[in-house]
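So the structure is just underneath, and the comments pick up after that.
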Amino acid sequence: MKPKSPSKSKIQIAGFSNSNNPRLKKLVIVTLLVILILGLVTVYLIIKHRVLISEKSSSFFTVVLDCGSTGSRVNVFEWSGNGSGILPILLYSYPENVNGSNGCQYHCFQTEPGLHNFVNDSIGVRASLEPLIRYAERWVPLERHGVTPIFVLATAGMRRLRAEAARRVLGDVENLVKEHSFLHRRSWIRVLSGKEEAYYGWVALNYKFGVFGSSSKSSSLGLLDLGGSSLQVVAEGGVQVGDEHAVRSKIGPIRHDLAAYSIPEFGLNEAFDRTIVMLSHTEALRGNGGGFFEVRHPCLGAGFVQNYTCHGCLGVDSRAPRGLEEEGLNNVFLVGEPDWKRCEIVARAAAINSSSLEWSDQLNQSECRGLFSSGEGTAKLNLTKTLHAVSRYHALSGFFAFHNVLNLSRKANLTMMSEVGQRLCSRQWSGGNNINAQNCFRVPYLTSLLANALCLSTVEIIFGPGDVSWTLGASLVEEDFPWHRAKRSRDGTFTLKDTVVRPSTILIFVLLSSLLVIVYCCQIKLPMPGRKNVGSRTSLPSYLCPKRQPN
C-alpha cells in the first residue's frame, strides 16, 4: 500500500475531510474564537463581582486620640468604602454610649490631666495614653491592627507650650505608639493649629448632616465648639481670600470658602480663670497672715473655699509678700459669695474679654458688644458680618454638655436658658451644694458669649448633637487614610493579592490575544476552491542525502 502524505494526515486528525469546503473550516475557527473570548469575559466578570462583594463587605478603622487641655480622649471609627459618593460611610463610632440624644459631657472615656502637663515625664505620658490605646485595640479586630492608622492630635493645651517642650512630649508619645501594632507615622502625631481644629469640627458636623453628599451647592452649617481652653467658630461666606482666618475647602465637586476662628482663653476653664484675675484687681484682697489672699467670687456658693493657684493674679497692694508679684503665680483663697446679678456682670466681662472695670456699665450693655481678642484686650474681632452669613449653627462640646445639665430642648432660646440657670443656682446656693461649683458661672457666660460677644441672638442655634467631634473630621481629612484605595476601586480599579489590575487592561489583553489567534489561524494554508488536491501526487521534498547513481 502506498503511504499517505504527512499533509493529508494532519487534515484528517484535525477533523476535516478531503472535500473542498473552506467555509466550514473558517466557521469552526471563528466559533472557537468566540467561545474563547466569551470565556475570558466571563472569568473577568466573575473576578470583578467577587472583588466588589469583598469590598462591599469590608470595613476600615481609624483611631484618633484627642489630647486636649483638660484630658485625653480616644475615638474609634469604623467605615465602609462602598458608598456612591466621594467620602466613606461611617458605620460605627466607639465609645458606643456617645450618641446624638444623650451624649456624655465632653467625652465618655478620658484620662486626666491634659498632655501638656507631662513635659519631661514619659511615665506620665504612658499613664495618660496607654489605657486609651488599649481601649482602641479592643474595638479594632486583631487582623486589622496593622492597617489601621492611629492619629495622636493635640490641641489648645499643647499649643501653649514652647516648641521644644512640645517636641519632647510628642517624642514620648511616638515611642509609646511604636510599641503597639497600629499603623503609625510621625506626621500623624502632632499639635493641631487652632484653624485646623476648627476646620475639622466643621467637616465633622457637615458630614454628619449629609451636606457633602449633595451634587449641588447647598447651605452648610455653622459650627460653635467650646472646649476647656478655646472656642472654635466656623462659618461659610463673608470672608475675603487672603484673610488669616480664611480656609478654602473642596470636598467632592463643591468648593467652600470658610472663615475659621480658634479663639484661645475663651474655653470654659480659661474663662473662669480670667474672672479670678479680674476680681483680683478689683476686690479688696485680705491677707490671712499666711501669705495667701482671698478672692470672693459672686458665682460660687456660700461656704465654698478652695486654695487656688492663679496665673496672673498680681498682689495688688503693698502688703503682698516680696517676690509674689514677680513670680506671676499666686496662691489665693477662692471664697464663694453668691450674687446672681454680679455674677452676670463678671461673666459678661469674661465673654467679651473687656478690660473695663465699670461693672454697672457692663450690666446695662446687654446688646451686642463684639469680641475682644485675647492678649491686650484692645483688638476687637468683628465677626458679625461673617457669622450672619449662615442661618443655622450647631453648638457642640461645652455648649451641648451644659445645655444637657439644664435639661432644655435643643432649640431653647437664650432667655429661657438664663432663667432656668438662675433657678438652678438659687437651689444650689441655698442647699449648700458645691459639687459643680462653676456651673453658676457657666450659665451667664454661655448666654453672654452667644448674645453679647458673637452676636448670634437672632440666629437659629441648635445645641448638639453630642456625637460630633472634630476627631471625626480629622479621620476624613488627614492624609493617606485607607479608603483612598476604596475610592480608586469605585473609579474602576480593584486590588487582587496586592497587585493593581485595571479592567480596561484585561479587556485589551483579551482583544490582542484574540487578534493574534486570528492572525495565526489565517496563516494555515487551505485548499482553494476549484483546484484538485495535488498533495496525494506530490511527495514532500527529501532532505536525505540522495542515492549516488552508478556511473
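All residue numbers here begin at 1 and follow the chain in the order shown.
Quick reminder: no glycine exception, Cβ is built from N, Cα and C everywhere.
Taken straight from TrEMBL:
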| type | residues | note |
| --- | --- | --- |
| TRANSMEM | 27-47 | transmembrane segment |
| ACT_SITE | GLU197 | active site, proton acceptor |
| BINDING | GLY228, SER229, SER230, LEU231, GLN232 | ATP binding site |
| TRANSMEM | 504-522 | transmembrane segment |
Could you state the CA-to-CA distance between GLY228 (ATP binding site) and GLU197 (active site, proton acceptor) to the nearest Å?
14
Under a three-state reading of DSSP, tell me whether SER229 (ATP binding site) is helix, strand or coil.
coil
Near LEU231 (ATP binding site), how many other Cβ atoms are within 10 Å of its Cβ?
28
SER229 (ATP binding site) to GLU197 (active site, proton acceptor) - Cα separation in whole Å:
13
What is the Cβ neighbour count of SER229 (ATP binding site) at a 10 Å cut-off, with all protein chains included?
25
Around the Cβ of SER230 (ATP binding site), the count of other Cβ atoms that are within 10 Å:
26
Using a Cβ cut-off under 8 Å and a sequence separation of 6 or more, which residues in the same chain sit near GLU197 (active site, proton acceptor)?
THR155, ALA156, SER230, GLN232, SER262, TRP470
I want the residues beyond GLY228, SER229, SER230, LEU231, GLN232 whose C-beta is within 8 angstroms of the mean position of the ATP site's C-beta atoms, in chain order.
SER69, THR155, ALA156, ASP225, LEU226, GLY227, SER262, ILE263, PRO264, PHE266, GLY267, GLU270
Inside 10 Å of the Cβ of GLY228 (ATP binding site), count up the other Cβ atoms and send me the figure.
21
